[in-house]
Each structure stands twice: as structure tokens, then as C-alpha cells.
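A.B. asks: One structure coming up, written as C-alpha cells, with questions to follow.
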């Protein structure tokens, strides 16, 4: 390290000149220290951009901690096959051309393809679904995906589709969709599709999780097991208790 020059104290012309030079040199050293400090912060910021600072998104509703390994289950995906044993069949699926059975109270059937049916999807963070809706009101009821966003492509029919934003705005975004139209449903927002045409409707949905999950709002509220206290629902939905109990006694169809 270079030795520092003593600060000149004499009042001669030469002394004044040296004091000025000393101050300039001191300012340069201070600026260099600041520059070095800024450079360190920049390097730390760049390094942190390559680090994952949050937990990976879960692929199930919850994960209760347990110490007994014999009672534990695998989390966030499935066990991986030896890559040397993988086959083309692991990465393909046949049958999405088969229409779903819409003879239920909703007039809807959703066939979702996850890693359970197509093993090659494991860890890729994507899945696909075929949605069939009966003519004149077939409905994929209000629901949300707790672990994924969705892009919908209409193949046949005419759909009224939309989603509602979260608190406090609750804005409704809807569109009439025809074959070839796309519509996106953002992560975790309640959305729906209704067939407003006189012919069957078919759509393909791509989702940003290998297990996006589906929570149908009416089923969760009125078909919960065990049932919610009626007082919870009468207050939340401004409904008569008898009506709530009647709704809770009904069968709620799962379109998936």
C-alpha cells in the first residue's frame, strides 16, 4: 500500500501548493473508495438475480410436516424415471379428440391432461384440458386454479367467457368467443365459460402448471364436507337460512 504524504503545515507558497495537492489527492482517494463500494453493491445485485429467494410453488393444496418417513409422500412432482428408460409414449397422449360426456346438470365435461396421464409432463410446469359444453347453456361454472394461469382456445361453438378480478375492485372482463379466438384467465382469478350457441362447443385450455388444481366456487361453498355453518353463508351471501340449507343438501357436480 502506498504511504500517505504528511499534511504540509508551513505557510510558504510552496506549502500552500502542497496543501492544495494534498486535498485533491485526498478527494480522489475518497472518490475511489465510494466507487469501489458502488461496484461491490452492483456485483451483489447481479449475483442475487441468479438466486431463487422464494419457495417453489406447491403442487398440492397443503403439506403437513411429518417426522415419520414411512408415512411421508413425495411433494412437488412425481418420482423421475431413469432417462435411459424413457420412451416416446411417455411424452404423448391419445384420446383428446373424443368428445366428453356432457349429460349432467351443468352440461359440461372437462378432460384435463396432467402428469398422471402423460408422464413426460412431470416437472415441465404445463398441462392441457379439453372442455366440452352442451348446446344452449352448457356451463363450466365459476372456478379458479390455485396453481396456474390459463389460455383458452375455442375450436367449435360460441362461448361467453370471462373472469373477475380480486378485492377490492371485482372487475368483470368478458368476451364472446368464436372458433379460433383466444382468451387468457390470469393466475388464481375466478373465471367461467358458457355455451350461448345452439351447437356443442369445444375448447382447449393450456395451463401453467403440471397440476394447476381446480376449485369450483359453488361446490366449495355449498358442497363442502363437512358443511359450513348456515350462519356463515346467510351472512356472507345475504341469503335466507332455509335457502342455504336447501342448497347444501343438493348434489354439486364436478365438471372435471
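From the backbone N, Cα and C atoms, a Cβ is placed for every residue, glycine too.
TrEMBL: automatically predicted annotations, no manual curation.
What TrEMBL records for 1-20 is region 'Disordered'. Annotation source TrEMBL lists disulfide bond at 63-80. Residues or ranges marked as domain 'Cupin type-1' in TrEMBL: 94-245. The oxalate binding site annotation in TrEMBL covers 140, 145, 150. Residues or ranges marked as Mn(2+) binding site in TrEMBL: 143, 145, 150, 191.
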A.B. asks: Considering only the binding-site residues 140, 143, 191, which residue has the minimal Cα-Cα separation from residue 80 (disulfide bond)?
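C.D. replies: That would be 143, the closest of 140, 143, 191 to residue 80 (disulfide bond).
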A.B. asks: Given a separation of at least six residues and a C-beta threshold under 8 Å, show me what packs close to residue 191 (Mn(2+) binding site) in the same chain.
C.D. replies: 142, 143, 144, 150, 161, 162, 163, 164, 185
A.B. asks: Residues other than 140, 145, 150 within 8 Å, Cβ to Cβ centroid, of the oxalate site?
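C.D. replies: Neighbours found: 129, 143, 144, 152, 185, 191, 205, 207, 212, 214.
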A.B. asks: Hey, for the Mn(2+) site built from 143, 145, 150, 191, who else sits with CB inside 8 A of the CB center?
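C.D. replies: After dropping the recorded site residues, what remains is 144, 163, 185, 189, 190, 212, 214.
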